[in-house]
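Now, the feature entries from TrEMBL:
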type	residues	note
COILED	158-192	coiled coil
DOMAIN	27-261	domain 'BAR'
DOMAIN	305-365	domain 'SH3'
Amino acid sequence: MNIMDFNVKKLAADAGTFLSRAVQFTEEKLGQAEKTELDAHLENLLSKAECTKIWTEKIMKQTEVLLQPNPNARIEEFVYEKLDRKAPSRINNPELLGQYMIDAGTEFGPGTAYGNALIKCGETQKRIGTADRELIQTSALNFLTPLRNFIEGDYKTIAKERKLLQNKRLDLDAAKTRLKKAKAAETRASSEQELRITQSEFDRQAEITRLLLEGISSTHAHHLRCLNDFVEAQMTYYAQCYQYMLDLQKQLGSFPSNYHSNNNQTSVAPIPSASSNVIGSSALTSTSSLVITSPSNLTDLKECSGSRKARVLYDYDAANSTELSLLADEVITVFSVVGMDSDWLMGERGNQKGRVPITYLELLN
């Protein structure tokens, strides 16, 4: 027998097997043939594997959206990954915003309050951009890659063996059908032999599939460790961002906030800390009055060239040794100093003295 004859016979056998499976499958759908049911344990394992695959894909895709909101950038990264090439480094949004702020601050003048503040904000945004890169890299390595490996590796193997089990089950049921239809002794003996072979092959494939599916529990344990790594990466990122913004807030608190432009217009007064204590409604009402009337109050204070009492509206942490830390609701003595920025007063509490921002105070009569 030459190779061509062998190939022809193999193709004919494969075609016969395919046709037999197709007939069996069709008759099962029409309710005209019996179907061998898998045992409950194996069915549960198959269901668990399918559920794991579906939710792993959803979590993986949404994590990618979280880490890289730009769909075009995600497509580009996917193409480079398939080509086994490193994607070119691109500036991220915080870094771009930071660079714009730095450039604007440089043009306005680093010596001006607004320009200096813009530069400080820009430097902080660029640090946040660097932390963002680290989060993406760490999450991709420790979280997304293991999830992708499961989808593209382990689950593909499970799906392949599951398909093979389905084919073996169709072969088994087709053999059972032929045995039922066999009437001649010789045909019946042949059908019984075929049934024993297909039953053995089905049992063997069911065991292989079961062993693979039981590994899903190990997959869950591994993904749990990866999830912990992802949470830790996020925790590190948000802690860094919080610390960066806390440092920036302290730096901005030490700047005079009136920015005098060429036409001598001034900007808004300093904004109290977001972490300040919550105070009563009467104090909030007083705050609104202070923001509106503080210029006249300050003018009166300067004109009288004396000291006045002031109630502290919010906690304030001194940015340096020239400033005085404040606690909400305490009453201190304040007075103006010649040459001091109009948004600041000199505060005094006992033997302690230092600059305090006027927006944190309610001047008392």
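Backbone N, Cα and C define each Cβ position, glycine as well.
Remember, it's a predicted structure, so these values are computed and weren't measured experimentally.
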DSSP helix/strand/coil residue counts for the domain 'SH3' (305-365): 3 helix, 29 strand, 29 coil
Integer average pLDDT (0 to 100) for the domain 'BAR' (27-261): 88
